[in-house]
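A short worksheet on the structure shown next.
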Amino acid sequence: MERKMSWTVADAVDYKGFPADRSKTGGWIPAALILGIEICERLSTMGIAVNLVTYLVGTMHLPSATSANVVTDFMGTSFLLCLLGGFLADSFLGRHKTIAIFAIIQTLGTGTLAIATKLPQLRPIPCHASASLTCKPANGFQMGVLYMALYLIALGTGGLKSSVSGFGTDQFDEKDEEEKAQMAYFFNRFFFFISTGTLMAVTVLVYLQDEVGRSWAYGICSFSMFVAILIFLSGTKRYRYKKSLGSPIVHIFQVIVAAIKKRKKDVPYNVELLYEDTPEATRIHHTDQFQLLDKAAIVAEGDFEGNVVSAPNPWKLCSVTRVEEVKMMVGLLPIWATTIIFWTTYAQMITFSVEQASTMERSIGRFQIPAGSLTVFFVAAILITLAVYDRLIMPFWKKWKGKPGFTNLQRIAIGLVLSTFGMAAAALAEKKRLAVARAAGATTATLPISVFLLIPQFFLVGAVSWYQW
């Protein structure tokens, strides 16, 4: 019996619901099958986002500000829908089904976008705007089809982001030292695959969009995701499935609702009287901050459905540990709020900076760099910063301060400083570009100024990205 238990993973099951056999499930091969989905998600989302503004301005004839808003709304919605994907995975579907369903949704989205950019009926009549000619923008139907495609992709991205990394780590047992070490390497490879997918998106895919055709590029995204889904599903029998503990979002709302219901009650002087049912080994001890939330743990009449031995109604009574978890989240809100500035800066890199590049000299010999491909310097900065931090900064910091690296707060602070320099560089570059534009006149399509003037802003904000992550 002991030998049999040593070959199973305590908190995981196989696809049939039986205890997962360590020798037949999990490990690197199933994790690698999952990473294929992540590469295709990055390829699709970033390949579309970084070059979308040029399509909206040049083909759909939308104003620059409107085009930038469309792109940022698309990206923002992708991130917000992670909450929906996480809720569905934790409460109903599980991570495996969530990944499969939302990958199919993203495939449909990229396929719809390929059709929308191919059919002439779904875009305005070609036109070259000038001082005396204003092009007719896309009508409501044309924009409606485009929005449907973009938000299908955003929905798919949200569902995938919420589950891919988590399902990948499910393939390793934290209680096994060997597999725990493999999990750490998995995170490194996961970040590498994200960067690889992004790099392919901003180079190969953007080039195909500009030189071959957007419909072909988006069709490749759709096909590659379809292949990735088949590869992902082929590993169904090899995966480990962890039992869900419920959605953290639901747990947060349960604490808030319970605290509001008991807002008129007084917190007992002895905190030992507050409700706690969490095992001793995993308990979080009571703290005095945000004491209003402590009222969710006050035991009152009607909290237990039936008798005292039964589990309490979680919308009426929560454990101290669950309350403390919510307190931790509330304490993090000011830190999260500081990242709003970074994401505002990031949005400029995939909208107005790409528009800047489209007006500048981008030729190297006979080859013309696509405007959207300037974000390759953004990705390169992430990879270079990661290497420099691992190989130079961490050893130096450990020798000097005796610590393995910067704390999370220090990294956020450094990131915000770098983002300030990045926007300063962008302002100086735009000042120079406008001066050249005024000197060249309104009839000049390509300004006599090198696009490489924009490299500092992309590089600085790219370095910020790693520090913020």
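Even glycines carry a Cβ here, placed using N, Cα and C.
Automatic prediction, not curation, is the source of TrEMBL annotations.
Some features that TrEMBL has for this protein:
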| type | residues | note |
| --- | --- | --- |
| TRANSMEM | 43-62 | transmembrane segment |
| TRANSMEM | 74-93 | transmembrane segment |
| TRANSMEM | 100-120 | transmembrane segment |
| TRANSMEM | 140-160 | transmembrane segment |
| TRANSMEM | 190-209 | transmembrane segment |
| TRANSMEM | 215-233 | transmembrane segment |
| TRANSMEM | 329-349 | transmembrane segment |
| TRANSMEM | 369-389 | transmembrane segment |
| TRANSMEM | 409-429 | transmembrane segment |
| TRANSMEM | 449-467 | transmembrane segment |
Note to self: Considering only Cβ pairs within less than 8 angstroms, which of the stretches 74-93, 100-120, 215-233, 369-389, 449-467 has the most against the transmembrane segment (329-349)?
What the structure shows: 449-467
Notebook entry, point to check: So are the transmembrane segment (369-389) and the transmembrane segment (43-62) touching or not, going by 3+ C-beta pairs under 8 A with a sequence gap of 6 or more?
Noted result: yes
Item checked: Positions on the same chain near the transmembrane segment (449-467), where near means CB under 8 A and six or more residues out -> 342, 345-346, 349, 353, 356-357, 360-362, 369, 371, 374-375, 377-382, 384-386, 389, 411-412, 414-416, 418-419, 421-423, 425-426, 429, 432-433, 436
Notebook entry, point to check: Quick one: do the transmembrane segment (74-93) and the transmembrane segment (190-209) reach 3+ CB pairs under 8 Å, ignoring pairs fewer than 6 apart in sequence?
Noted result: no
Checklist line | Which of 43-62, 100-120, 215-233 contacts the transmembrane segment (190-209) most, counting Cβ pairs under 8 Å | finding: 43-62
